[in-house]
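Chemist: Have a look at this one.
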Amino acid sequence: MFINRWLFSTNHKDIGTLYLLFGAWAGMVGTALSLLIRAELGQPGTLLGDDQIYNVVVTAHAFVMIFFMVMPIMIGGFGNWLVPLMIGAPDMAFPRMNNMSFWLLPPSFLLLLASSMVEAGAGTGWTVYPPLAGNLAHAGASVDLTIFSLHLAGVSSILGAINFITTIINMKPPAMSQYQTPLFVWSVMITAVLLLLSLPVLAAGITMLLTDRNLNTTFFDPAGGGDPILYQHLFWFFGHPEVYILILPGFGMISHIVTYYSGKKEPFGYMGMVWAMMSIGFLGFIVWAHHMFTVGMDVDTRAYFTSATMIIAIPTGVKVFSWLATLHGGNIKWSPAMMWALGFIFLFTVGGLTGIVLANSSLDIVLHDTYYVVAHFHYVLSMGAVFAIMGGFVHWFPLFSGYTLNDTWAKIHFAIMFVGVNMTFFPQHFLGLSGMPRRSPDYPDAYTMWNTVSSMGSFISLTAVMLMVFIIWEALASKREVLTVDLTTTNLEWLNGCPPPYHTFEEPTYVNLK
């Protein structure tokens, strides 16, 4: 029974739960790696050993957080759980493929961990640029294992994307148009399209790298007429849509949370929100070379990528101001989920502003590969994606489990986390502006103060993570059942009770369109 339910599951709720548990576990691994990084940088001098091991930790931290924490939780966990419930579908379109998408991830994770256990590990950074990732600078199997890990994670995501697109287009009630689906459903569909279009390019790039390393091809080796810059173009054509893949489902969740706790029946500017997400998805594909301002492109190319990147700020601004307009005049309930959402809006905006700074090719020449870039993307990920995940988790926890969290503890957790992440990443802007380079385990004494502050902040965040584990334990141990849920008419996922029965919407859903 246990094996049939959890290994061979074809139920979107069980698979969603598996994704959430896997993502939480990977999140612990990723957090542990990040604390190793901050321990190393807490004071000048070396702690872990040589530069290679440090870079292996940095590389693994990135891969674990992106491919095994944020994506499985947001798309796999929340996506699987909520999309079928929100559109009144009995399950996903391809339930067995759904199970396969999940079970490709643990082997992928295993390959990534194996890559750091053999030879010297893959100390390439998550970008895996040749020639550093070639078979000369990285002899041995480490990079090859990392490439195979990425292949598996990529296949998993592509299959998941096909599944979500089919489900969302094909399994709505006949009377419901695409423009009547909730914003989270839209965000997952747009994310799935981005995955479907970008991952094959990554697969091509890393497969060419694999043959360069093992079969003596020269795709990225000038000695045989290749070009390492080609790899960068292929990687970033995936890598830039990827960062929007990481944040778009978060946008969807924040829209739901802000609307719900403002007591509104719909978000402000629904169509504007949809078009903004579609614009962000489209523009995400035509700005990739802003990661490459230092490789020597012509001034016209740089001018284009600078301008195109700045255009993304417009639909993003539409979203931020629509969230604020949703709050306006609402009957605001100060729940923990609302706090995460408000924290998201503020800190994501800060991260967006530093992004606008980095979009300027002339400034980026100076700031590229400094801690300013690290601070920028950690503001949008560590305080954007993670805050959205936390907000979504505390908001939908009663739906997933049938139990309520302790409100006071959840608010204390938010406060500690808020202080921790800001204390960790705000000083990194100063370090970057004074020229401290990324991916280096040691630094001149001049950078000591802000690094120490940053490392202290990381330990505050660790405290918050440990408190979160306690809060979840407390909720599951106390078993306070959910009494009522407000606004179920405009929040379809709550309609079947908390937790919903194993099978929902077994007969076609009746939709009364206003």
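Every residue, even glycine, has its Cβ placed from backbone N, Cα and C.
The topological domain 'Mitochondrial matrix' annotation in Swiss-Prot covers 1-11, 87-94, 171-182, 262-269, 328-335, 401-406, 479-514 and is backed by similarity to another entry. Here Swiss-Prot flags 12-40, 51-86, 95-117, 141-170, 183-212, 228-261, 270-286, 299-327, 336-357, 371-400, 407-433, 447-478 as transmembrane segment. The feature Na(+) binding site is assigned by Swiss-Prot to E40, G45, P441, with similarity to another entry given as support. For 41-50, 118-140, 213-227, 287-298, 358-370 (among others), the entry in Swiss-Prot reads topological domain 'Mitochondrial intermembrane'. Sequence annotations record features per position, and here Swiss-Prot assigns Fe(II)-heme a binding site to H61, H378 based on similarity to another entry. The annotation Cu cation binding site is assigned in Swiss-Prot to H240, H290, H291. For Y244, the entry in Swiss-Prot reads O2 binding site. The Mg(2+) binding site annotation in Swiss-Prot covers H368, D369. Here Swiss-Prot flags H376 as heme a3 binding site, drawing on similarity to another entry.
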Chemist: Check the transmembrane segment (336-357) against each of 12-40, 51-86, 228-261, 270-286, 371-400 and return whichever range has the most CB pairs under 8 Å.
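Modeler: It is 371-400, which has the most Cβ pairs under 8 Å.
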Chemist: Can you list the residues of the same chain, besides H240, H290, H291, whose Cβ falls within 8 Å of the Cu cation site's Cβ centroid?
Modeler: W236, G239, V287, W288, A289, M292, F305, T309
Chemist: DSSP on H376 (heme a3 binding site), three-state: which is it?
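Modeler: For H376 (heme a3 binding site) - judged by DSSP and reduced to three states - the answer is helix.
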Chemist: With an 8 Å cut-off on Cβ pairs and a sequence gap of 6 or more, do the transmembrane segment (371-400) and the transmembrane segment (51-86) reach 3 or more such pairs?
Modeler: yes
Chemist: Looking at 12-40, 95-117, 141-170, 299-327, which one has the highest count of Cβ pairs under 8 angstroms to the transmembrane segment (447-478)?
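Modeler: Going through each listed stretch, the top one turns out to be 12-40.
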Chemist: What is the three-state DSSP composition of the topological domain 'Mitochondrial matrix' (479-514), stated as helix, strand and coil residue counts?
Modeler: 3 helix, 1 strand, 32 coil
Chemist: Hey, does the transmembrane segment (270-286) touch the transmembrane segment (12-40), meaning at least 3 C-beta pairs closer than 8 angstroms, sequence gap 6 or more?
Modeler: no
Chemist: Which residues, sitting 6 or more apart from H291 (Cu cation binding site) on the same chain, put a CB under 8 Å from its CB?
Modeler: Q232, W236, G239, H240
Chemist: Distance check, please: Cα of E40 (Na(+) binding site) against Cα of Y244 (O2 binding site), rounded to an integer number of angstrom.
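Modeler: Cα-Cα, rounded: 30 Å.
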Chemist: For the topological domain 'Mitochondrial intermembrane' (118-140), could you work out the same-chain residues 6 or more beyond its ends whose Cβ comes under 8 Å from its Cβ atoms?
Modeler: 51-56, 58-60, 62-63, 66, 146-147, 206, 209, 212-214, 220-221, 228, 231-232, 235, 239, 439
Chemist: Are there at least 3 C-beta pairs under 8 angstroms linking the transmembrane segment (141-170) and the transmembrane segment (51-86), leaving out pairs fewer than 6 apart in sequence?
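Modeler: Since 3 or more Cβ pairs under 8 Å link them, the transmembrane segment (51-86) and the transmembrane segment (141-170) do come into contact.
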Chemist: Same chain, outside the topological domain 'Mitochondrial matrix' (401-406) by at least 6, Cβ under 8 Å from its Cβ: which residues?
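Modeler: Apart from its flanks, the topological domain 'Mitochondrial matrix' (401-406) reaches 336, 394, 471-472, 474-476, 478-482, 498-499.
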Chemist: If you skip the near sequence neighbours and keep only those at least six away, which residues in the chain come within under 8 angstroms of P441 (Na(+) binding site), Cβ to Cβ?
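Modeler: Once residues fewer than 6 apart are set aside, P441 (Na(+) binding site) is near E40, L41, T46, L47, L48, D51, Y54, N55.
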Chemist: For Y244 (O2 binding site) and H378 (Fe(II)-heme a binding site), determine the Cα separation and express it in whole Å.
Modeler: 14
Chemist: Where else in the chain does the transmembrane segment (141-170) make close Cβ contacts, counting only residues six or more beyond its ends and a cut-off under 8 Å?
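Modeler: Distal contacts: 59, 63, 67-68, 71, 75-76, 79, 83-84, 87, 89, 92-94, 97-98, 100-102, 104-105, 107-109, 111-112, 114-116, 118-122, 124, 128, 133, 178, 181, 185, 188-189, 191-193, 195-196, 199-200, 202-203, 206-207, 209-210, 213-214.
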